[in-house]
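Going by TrEMBL, these are the annotated features:
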REGION    59-78  region 'Disordered'
DOMAIN    172-243  domain 'PAS'
DOMAIN    246-298  domain 'PAC'
DOMAIN    328-461  domain 'GGDEF'
DOMAIN    470-760  domain 'EAL'
REGION    761-797  region 'Disordered'
COMPBIAS  780-791  compositional bias 'Low complexity'
Amino acid sequence: MEKRYLSPAARSRGVVRFARVWARAIVGASYPATGLLAVEERLLGLTERLVDALLDEPWAHEPPTDEPPTDEPFADEPFAQEPFADEPLAGEPAAVGAAIADYTFGAADALAATIRVCGARLLPELGLDADGELTGRVAALQGALAHGYTRALRERILAGQDSIHRAAHLATDARFQMIFNGAAIGIVLADAAGRIVDANDAFLQMLAVAPHRVHGRALHEFAHPDDAAGLRDAHAAQRLAGPAHLRTELRFAGPVGATVRAELTTTCLRQADGRGEIQLSMIVDVTERHRLQGRLHRQARHDPLTGLPNRTVLAERVTELMAAEPDRRLGLCFIDLDGFKAVNDSLGHDAGDRLLVAVAGRLTAALPPGQLLVRMGGDEFVVLLADTAGIDDVTATARAVLAALAEPVRVGDQSLSIGASMGLVERPAADGDLADLLRAADITLYQAKDAGRGRWAVFDAERNARQVTRHTLSTMLPGAVERDQFIVVYQPIVTLGEQSGRVRAGWAGVAGGAGVAGGSGGSGWAGGVMIGVEALVRWRHPRFGLLGPEAFIGLAEETGQIVPLGRRVLELACRQAARWRELRPDGAGAPFVSVNLTARQTHETDLVDQVGRILDETGLPPELLQLELTESALMGTAGEPARALDGLAAMGVRIAIDDFGTGYSNLAYLRRLPVHTLKLAGPFVDGFASARGHDPDGEKIVRMLVELAHSLRLTVTAEGVETAAQAEGLGQVECDSAQGYLFAPPLPPGEITRWLRAAPADAPPADAPLGGARPGGARPGVDPPAGGRPAESSAVSVLPVPRACGAPTSGYVG
């Protein structure tokens, strides 16, 4: 419960004002001035305690019950219910009520006056606005006051029963009559046959009956018809040999058709032989307390604005349906109003509230009987359908909702058009609890909003499973990097064209017969030699197995984990490339490694330092490292990213553009940035002979791109090469190198190591190495001056690549 605060001065003034108002309400304006002042002083301490309870302590709680809300405060209950069990209303307010009973300021009128003045004057005298929460607290406080008052009186009377008993036996009739007539609660004496012999004024006033209409009749004759028989039987059994004390709560017929709710305690005073001689009944009027509790109960289960049931009622109903028949089916329509926030922001919350009331009325009128309409809060509503036959039942409800909101809603002088988006779920009741049902509907609701609003979406378990998996992966990413669950596989990059033909004869049969293969059907294509590898990351997930980058790279970029992940991949790739270099004499013929770099990583201010540190730690020469960025990552690159790329190129690291020509190209960056290689995506390769046939226009585009690159002294690598015809065509247009499943899938580092160990150490270098710039001179602003970068010809690998036949046996996928 939210705490409210008043300044000490304001609080003190409010306490004094309320104590004065309270005193006059209890004793009346005509009370002597000196006596009134004494009452005010006595009430100051009680007022202080009430204010403490109102503003500071969560002292009252009303647990939900299964009793249906009703304007009639006296719903049927079992007759023999124990009325004196501990009640939930307790604490300071109840203690104040007990104190009022002890002070006896005007007897029974003190309680009624206190409840009335608390409701009308407590908040105003304290200077507090009567918002919904404080009004609810005042109502609960009133109930607790009544509870404490009646309990104190009841305990006093019970404690005095022994005195009454002794007084009766000692014939102290005068003292008994004083207590009997002065009591603030009803007292009735009945004889051994149960006939009333006397009743005090409090009882007569409670039921508005005259004394002559009471004498000689049984007490149960004044009870509510539904409670009369139970009281008659209980009193008869008590007189015979029943319990000494009978306690219950029941209803009496009050004045003018009203009903009085009362707590009844009957004590049987017995003769020496054990037979009942006198029945002493004490009746406490608890009508007001029950009325307050009824209002609190309804407030706890219904929305105060629209009057609709709330989430509590929905939970009770779903639990009830699931418990009754687990095999039954349920449907749920989760409704969110479209454009409601705009109404609140432009017209104010009062207009928003009136709109919600109007919408609730329309939906109530539109829905068939048996469907439960609930307001969840804000502009969200839920319709629960029981015993559905399928999703069609729920979509029919969704249509009814949209139809009900089709016409504009009149709010004041405004005509407001309002729509709704809905998430629909229909499933067996046993498939999860209410939380699962609401979660599924809420997820589906936002799918409907994403699809354009003013519509519904039906829950798709498979789609939800994918979203759950995506969420699971995103939460596990940080720990996966720390636990070293990521591995790197490598796809060979091979030479094409005349260079391949020159070295093919000397490398046939390398690596156990898996040597360079010619094209199928005698195409004459010459196999290539491996000059480098592309590092590709995989996640060895403990639950989902080996995952490709499409499953987690997007999540890593969204969550920022791409930076530590990219750093880890770069470390692994450089360390492995350094090991391969150690297999070649003086590092000659070692393959370079190409690592993907995201746009996010280029914005890291210490990227150049990171790369330099990793190269120093692993011992890999910078000319054996190539970093790949996509065109979209390069677009508009300026500031820190541009400085980072310049710094990396100056260090000797090569820069490649991945998927060139598939993004929003701006060829200006080819001159502005230190680019060394263009990588052509698979769609360009498809322009050559493939399963879809030959595309002459596509081939012309590739030829143009290769010529453009060569004119700028850039090398070209084609990706996704799958057929010998494609490789041959790429060689004919003088594409420098290629990678794809024709040559090899992504392989574990051990496979690459095996090839390196099987190949001769004195492999002849190529004339136009992929690791260096093409002939034609240095590029101003890109290539460093002579002597500024180590000769890159030494980094060229001319290892033959075996033809990949079928899927790799290692279990890795590309």
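Every residue gets a Cβ built from N, Cα and C, even glycine.
Note: TrEMBL annotation is automatic and uncurated.
Confidence for the domain 'EAL' (470-760), expressed as mean pLDDT, is 83. According to DSSP, the secondary structure content of the domain 'GGDEF' (328-461) in residues is 58 helix, 42 strand, 34 coil.
Counting residues of the domain 'PAS' (172-243) by DSSP class, helix then strand then coil, yields 41 helix, 12 strand, 19 coil. Summarised by DSSP class, the composition of the domain 'PAC' (246-298) is 15 helix, 30 strand, 8 coil.
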